[in-house]
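Student: Sharing a structure below in structure tokens format, with a few things to ask.
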Amino acid sequence: MPKLVIVESPTKARTIRNYLPKDYRVEASMGHVRDLPQSASDIPTELKGEKWSNLGVDVENNFAPLYIVPKDKKKIVKTLKDALKDADELILATDEDREGESISWHLLQLLQPRVPTKRMVFHEITQEAIQAALKNCRDVDQRLVHAQETRRILDRLVGYTLSPLLWKKIAWGLSAGRVQSVAVRLLVQRERARRAFRQGSYWDLKAQLTVEAGQFEAKLWTLAGQRLATGNDFDESTGQIIAGRQVCLLDQQEAEALRDRLQTQPWQVKSLEEKPTTRKPAPPFTTSTLQQESNRKLRLSARETMRVAQSLYERGFITYMRTDSVHLSQQAIEAARSCVEQMYGKNYLSPQPRQFTTKSKNAQEAHEAIRPAGNTFRLPQETGLSGAEFALYDLIWKRTIASQMAEARQTMLSVLLEVDNAEFRASGKRIDFPGFFRAYVEGSDDPDAALEDREILLPALKVGDRPTCQELAAIGHETQPPARYTEASLVKMLENEGIGRPSTYASIIGTIVDRGYAQLVSNTLTPTFTAFAVTALLEQHFPDLVDTSFSARMEQSLDDISNGEVDWLPYLSQFYRGDRGLEEQVKLRESEIDPAAARTVALEGLPAKVRIGRFGAYLEAEADGEPIKANLPKELTPADLDVQRVETLLRQKTEGPDQLGTHPETDEPIYLLTGAYGPYVQLGAATEEKPKPKRASLPKGMSLETISLEQAVGLLSLPRTLGEHPETGRRIQAGLGRFGPYVVCDLGGGEKDYRSLKADDDVLTIDLDRALELLAQPKKSRGRGKEPIREVGLHPDDQAPIQIFEGPYGLYLKHGKVNASLPEDEKPETISLETAVAALAAKAGQAKAKGGRRSTGTPKSGETKARTTKTTKKTTTRRTTSR
């Protein structure tokens with residue numbers, strides 16, 4: 001009889017099958033086979049009347065979780081049970097972390113095997129690793145199971161207790177989460193700091209100097225013995241120099257006068273300093289640092305990074321990608337050092353094998369950092385990988401190799417020059433030995449730090465040299481507000497604060513964006529007005545749940561539970577049902593929370609209130625005793641909402657939109673408006689005969705304040721015909737779409753060939769020759785390209801394909817015109833047709849319930865003001881069921 005091996009995914013099954021004897025049968029569980037109920041329909045009929053049933057956790061009975069087998073997993077469970085009937089041994093080979101241990105435990109509970117059962121663990125899928133794992137099987141680790149279950153229960157209690165409160169008090173569909181809400185608050189706090197920021201300005205001088213050996217640059221350092229002010233000397237809340245700072249602050253007039261005075265004065269080298277330094281390579285990747293570097297260097301989201309890493313792991317290219325450890329095994333160190341010696345030579349090897357120590361208290365040193373799999377590392381170009389998979393493997397390979405390379409040696413150079421009563425400083429850097437720089441330089445959110453492998457050479461100088469000043473310029477500077485978080489910097493902050501676990505960061509950030517708490521704009525996470533409202537409510541009424549210190553202590557308690565140092569049941573009881581437990585706090589606070597106040601976003605200094613409505617944020621003010629409401633554009637951020645913007649939106653609402661001018665051909669007025677999706681121009685007013693007048697969005701770089709009448713007429717004429725294709729005779733046009741300006745060639749039969757315009761192209765002036773040049777270039781995918789990641793199957797209703805695509809916010813399912821985010825617990829390689837159909841049906845139902853929404857400010861004939869239509873180790877018995 002065969003031995004049955006169960007893993008999570010078909011990809012992992014295919015890979016591991018290659019390394020097992022022929023009498024082993026490998027099946028995939030497709031992830032979790034049991035979970036807490038996701039909706040009321042999942043709850044067994046006999047339990048629907050229980051007070052706790054909606055939680056899916058029996059808080060009256062030692063927090064016993066109610067586990068159900070989802071509908072889309074019942075067929076899988078049956079397949080596994082049938083396979084087990086023909087097996088003489090069961091081997092559970094799910095991932096080695098808490099989640100994997102939990103899947104194995106649930107499989108045991110469901111399958112109830114009557115044959116010997118083993119737990120097989122490995123951190124890479126290679127022949128050597130699989131053979132070693134087979135010889136060293138163990139039992140399911142109940143501590144890991146309990147740890148995962150406690151986290152799951154705690155997350156459910158927080159989410160399912162607080163979210164309904166948010167629905168009642170702010171808006172339906174909002175959610176709160178143990179880690180999610182803390183992460184959102186971090187974004188909101190940074191945005192508040194940006195609103196409170198006051199800009200300061202300062203001036204300095206920059207000199208271009210020459211000596212016989214060459215040219216160099218120097219900047220003003222001191223004046224009359226006092227250090228010149230820089231941006232770091234300003235108070236962000238006042239825009240003034242921080243009290244007590246003894247610095248020299250120059251304005252434009254003073255800087256220019258100083259420039260004129262110093263230009264004719266002699267310059268002399270006062271001192272030289274050379275300081276040798278060394279730089280050590282960064283440790284190999286953990287889950288967190290991989291997400292950070294991938295975001296900085298590859299512009300991959302945390303979610304996409306983990307998806308690609310999962311694929312690389314399951315196909316045997318890298319070790320397990322969910323780890324807090326920076327430890328490398330002896331075989332990995334030897335493999336890395338062998339690569340270094342072969343590619344760069346012995347002198348680029350570190351003198352001794354370098355081993356890193358994991359700082360995380362709960363990281364397991366038996367686990368390894370993320371590295372290329374195997375006893376020898378495949379070169380990136382020899383893997384056959386492409387796209388994001390190649391880029392991520394290349395990143396992991398380089399980081400691992402660099403960890404065993406010699407330190408980089410460099411010399412920091414500093415030259416002080418004096419001219420009259422001023423001192424200038426020239427700085428340089430000489431790389432004496434590049435060491436690990438040859439392979440890898442760690443990324444940084446600081447652009448200056450990101451250039452640390454670049455030399456800045458100075459000509460040969462000595463004290464007393466008299467350089468000639470070729471040019472002296474006065475340069476103005478303005479201080480900048482605190483930078484918004486990128487995915488990389490948010491992940492780093494969460495890890496530094498001890499909030500959540502790195503393995504969950506990708507899904508947390510994805511959820512924040514999916515739920516509308518943040519927008520991803522130019523790789524930065526910008527919180528929405530809804531995020532402000534929810535954070536304010538939680539800060540006022542449930543401050544512990546969004547406090548970083550409290551969250552870190554909670555995370556530590558959960559780790560202590562997993563280590564057997566803390567009992568899980570008293571902890572849960574105290575958290576949820578204690579005197580100041582969550583259950584009691586929600587009961588007490590619910591009546592105190594005024595919905596009108598909760599829906600109001602507190603932004604100081606504005607002549608209107610910002611409120612959260614059914615369809616998003618809007619302004620509310622009064623004029624002549626009458627209330628005025630105006631929708632806020634979706635791309636408008638809380639930090640950028642100022643008095644001028646508020647007044648413009650309200651004025652458009654009361655007086656109608658501004659009129660730019662009259663169309664030279666139709667004599668119709670051209671209006672300037674702002675809608676939910678940004679600024680646009682409109683030709684004429686809306687009438688019964690013409691309810692939808694011609695509109696055109698403003699392209700990037702154009703604003704309502706600067707657009708000319710000629711430009712507006714041009715935009716309203718789009719798409720414009722440029723001519724015919726010389727080979728096919730088909731029409732070529734230029735236009736403006738959701739992805740920006742483009743040219744398009746009609747191919748006939750409803751098919752069209754599009755190309756985006758380049759930065760230097762203008763949609764209003766591009767000609768046929770340039771359009772043909774663009775159309776001749778290879779077509780690029782925008783992420784929502786024509787090539788799906790996977791086709792799940794045919795929809796049972798219309799036999800149309802259901803496909804998985806990659807979008808700006810992660811992976812999504814597509815069926816016809818309906819798109820739905822890939823469910824959090826599902827993987828693109830393993831999601832079943834039934835689950836995909838259910839997710840699409842739920843999304844279609846939401847869209848139908850919500851209806852549509854039109855933009856603001858459309859003038860109607862005969863009206864003086866615009867109108868807006870808003871359509872816009874546990875001893876308890878777990879409850880289980882397979883219904």
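Each residue, glycine too, has its Cβ placed from N, Cα and C.
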Student: Which range, 175-180, 355-360, 637-642, 733-738, does Swiss-Prot list as region 'Interaction with DNA'?
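Tutor: Within the set 175-180, 355-360, 637-642, 733-738, Swiss-Prot attaches region 'Interaction with DNA' to 175-180.
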Student: Please report the three-state DSSP label of Asp95 (Mg(2+) binding site).
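Tutor: For Asp95 (Mg(2+) binding site) - judged by DSSP and reduced to three states - the answer is coil.
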Student: Averaged over the domain 'Toprim' (2-126), what pLDDT does the prediction give?
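Tutor: Average per-residue pLDDT within the domain 'Toprim' (2-126): 94.
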Student: Consider the recorded positions Asp95, Asp155, Tyr160, Trp167 and say which one has the Cα lying nearest the Cα of His32 (site 'Interaction with DNA').
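Tutor: The answer is Asp95.
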Student: For the recorded positions Tyr160, Tyr320, which Cβ has the most other Cβ atoms within 10 Å, all shown protein chains included?
Tutor: Tyr320
Student: Rounded to an integer, what is the Cα-Cα distance in Å between Arg322 (site 'Interaction with DNA') and Asp95 (Mg(2+) binding site)?
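Tutor: Rounded to the nearest whole number, the Cα-Cα distance is 9 Å.
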Student: How many neighbouring Cβ atoms, not counting its own, are there within 10 Å of the Cβ of Arg151 (site 'Interaction with DNA')?
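Tutor: Summing over all protein chains shown, Arg151 (site 'Interaction with DNA') has 23 other Cβ atoms within 10 Å.
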Student: If you run through the domain 'Toprim' (2-126) with DSSP, how many residues end up as helix, strand and coil?
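Tutor: Each residue of the domain 'Toprim' (2-126) counted once, the result is 43 helix, 25 strand, 57 coil.
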Student: Spatially, which candidate from the recorded positions Tyr160, Trp167, Tyr320 is nearest to Asp95 (Mg(2+) binding site), comparing Cα atoms?
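Tutor: If we rank Tyr160, Trp167, Tyr320 by Cα distance to Asp95 (Mg(2+) binding site), first place goes to Tyr320.
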Student: Which one of the recorded sites (His32, Asp155, Trp167, Arg322, Arg515) has its C-beta surrounded by the most other C-beta atoms within 10 angstroms?
Tutor: Arg322
